[in-house]
Amino acid sequence: MARRRLSEAIRWQIIGMHATGVSFKAIGRQLGYHYTVISRLVRKHRQTGAVKDRPQSGRPRVTSEREDRAFLRIIRREPFSTSTVLKRAWLPNRHLSTRTVRNRLKAAGMAARRVIKRPRLTDDHKRRRLAWCLARQRWNLRTWRRIHWSDESRFLLHVTDGRLRVWRHRNTAYTPRNIRQTVPFGGGSVMVWGCISHDCKLDLVTVRGNLTGDQYMRHVLEPVVVTHFDNHPLATIPVYMDDNARPHRSRAVVDYLQNNAVTTLPWPAMSPDLNPLEHVWDILGRRIQALQPPVQTLRELEAALHREWLQVTREQIRRLTGGMRRRVDAVIRARGGFTRY
C-alpha cells in the first residue's frame, strides 16, 4: 500500500500539537498516522527547524551534460527520427533505453507534434516566389480586389486520417469495434473548379474525369469565366489567376484567353499559400466531414459540395482576400520560403 504523504499544513499542525504537550500516539490516533511518523517529523523539526522533505538525489543520470548537448544537435539535424533511431545515433555503444531519449526530449521542451506538409521548394522556386511578392508588395486592396482566384480540388468520398488513434485495452486490436474500415482509393472522388474574388463568387463547376485543356475551355472558361468577365464594368477590369497546371498552360487555352481579352496574373510555381481559395477548399472539406448522416455516394458528395459552396459567405471570402498583403509580406520575410498560410 502506498504511504500517504503529509501535506505541509498537517506537518505544522503536528508540530503545534506536540508543542502543547500532546503525545505522539495521541496525535497519531487523532490524525490517522502511526506514532513513528509523528516522532520522525518532530525529530526532524528539532534538528533543522523545517518540516519539508530534504532534497533527494534520485536515480543518477546515465548521460553527461556534454552528451546531452550532442543529443540536441542530432535532433536539430534529424527532427523526424523515432526515439529508437535517435538512441542508436546518439550513443551507439552505450546501453540506453528509449525512455531516456524521451526524457531528454521532454527536458529540452520538445514533443511529438503534427507535421506540416508543404510542396517541395527548390532555390529557383524560392527566387521566383520572392520576386513575385516584391513586385506586388505595394499593391493595395483596390488592386487585389480585381484578382479572381481560381483552382481545382479533389474531394474523397471516404477520407482516411493517418493520424487516427483508438483507445483500447491490450490484445484487443482486432476487436470489431476497434477496427476502422476503409475502402480502396477513398471510395472514389469528385473534382471541382471554383473561383472567388473580393466582391464575387463564381459558380462551382464539377470536373468529369481528368481535366484537359479542351475540357477546361469548354466547361470552365467559356461558360463561366469569359461570361463573367464580359459583364464586368470597364472601370474595374478583372484579372484572372490560375496556377501552372498543364491544362491551364496549354497553347489552346493561352490563345483562347488572349482572343477573349482576359487579363491573366503570372503565377509562381509551388505557391498554394498565396491563393486564398485554398482556404475555401479547407472550409468545404471540414463541412463535408461534419455532415450527419455522412455522404454515401459520389452523387451525394457532389451535391453536398455545391450546396456548401453556396453557403460560403462574402464575409468569409473577404477575410481571406483582404489579407493578401499579409501573405505577400510573409513570403518576403521567409525569402521565398514556407509560410504559415
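Glycine is no exception: its Cβ is also placed from the backbone N, Cα and C atoms.
Database features, via TrEMBL:
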{"type": "DOMAIN", "residues": "3-45", "note": "domain 'Transposase IS30-like HTH'"}
{"type": "REGION", "residues": "46-65", "note": "region 'Disordered'"}
{"type": "COMPBIAS", "residues": "51-65", "note": "compositional bias 'Basic and acidic residues'"}
{"type": "DOMAIN", "residues": "68-136", "note": "domain 'Transposase Tc1-like'"}
Report task. Work out, from DSSP, the number of helix, strand and coil residues along the domain 'Transposase IS30-like HTH' (3-45). Result -> 31 helix, 0 strand, 12 coil
Report task. Could you put numbers on the helix, strand and coil content of the domain 'Transposase Tc1-like' (68-136), residue by residue per DSSP? Result -> 41 helix, 0 strand, 28 coil
